[in-house]
Amino acid sequence: MGAKHIPVTQCGTWVRTSNGGHFASPNFPNTYPPNKECVYILEASPRQRIELTFDEPYHIEPSFECRFDHLEVRDGPFGFSPLIDRYCGIRSPTPIRSTGRFMWIKFTSDEELEGLGFRAKYSFIPDPDFSYLGGILSPIPDCQFELSGPDGIIRSSQVEQGDKLKAGQAVDCIWTIKATPKAKIYLRFLDYQMEHSMSCKRNFVAGL
């Protein structure tokens, strides 16, 4: 996958590309609408980090501690991931970098005093935590499963059974569950144990 542009009319999305891309507040470069809440989740490849930079013009309604219109950036894939900062005003933020391969971003506008908004570019850079002797560790192999039917079981052991993983190797696997039209998917954990699961940074399970 190459660089991806999120249409300016799209308010919130999960983005997974190989070369980065950009996104903007609704209606940019025109004034953003009131009472909007847009969540963007950026995902880099394993062993990469995310760098976020902002174009000009940039204008989000200024307020003390950015309590009104604002852009909230978190270091991870969730709304409870560690907060990097909240941003507003007329000066674009300096480049923002994640410490892992996910970044969670929420743009919020209230009922009055809208601005022109923002346009942000995201790019992916090597994660220095996985560098050694000036080199980069080998890429993590592709690991994907597709499931369908009225019910089924997902197990982490399926990774080893499917020859997706070698002993001691990092893994990044995706299970895609396909339901029939108008059906909902109900997922219940029967057994769960993750190392350092409270941090939800290096080791985690997430529903997309």
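Backbone N, Cα and C atoms are what each Cβ position is placed from, and that goes for glycine too.
If you look up TrEMBL, you'll see Cys11-Cys38 marked as disulfide bond. Taken from TrEMBL, the feature domain 'CUB' covers 11-125, 143-208.
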Per-state residue totals over the domain 'CUB' (11-125) - DSSP helix, strand, coil = 3 helix, 54 strand, 58 coil
Close in space, distant in sequence - Cys38 (disulfide bond), Cβ under 8 Å, 6 or more apart | Cys11, Gly12, Ser25, Pro26, Lys106, Phe107
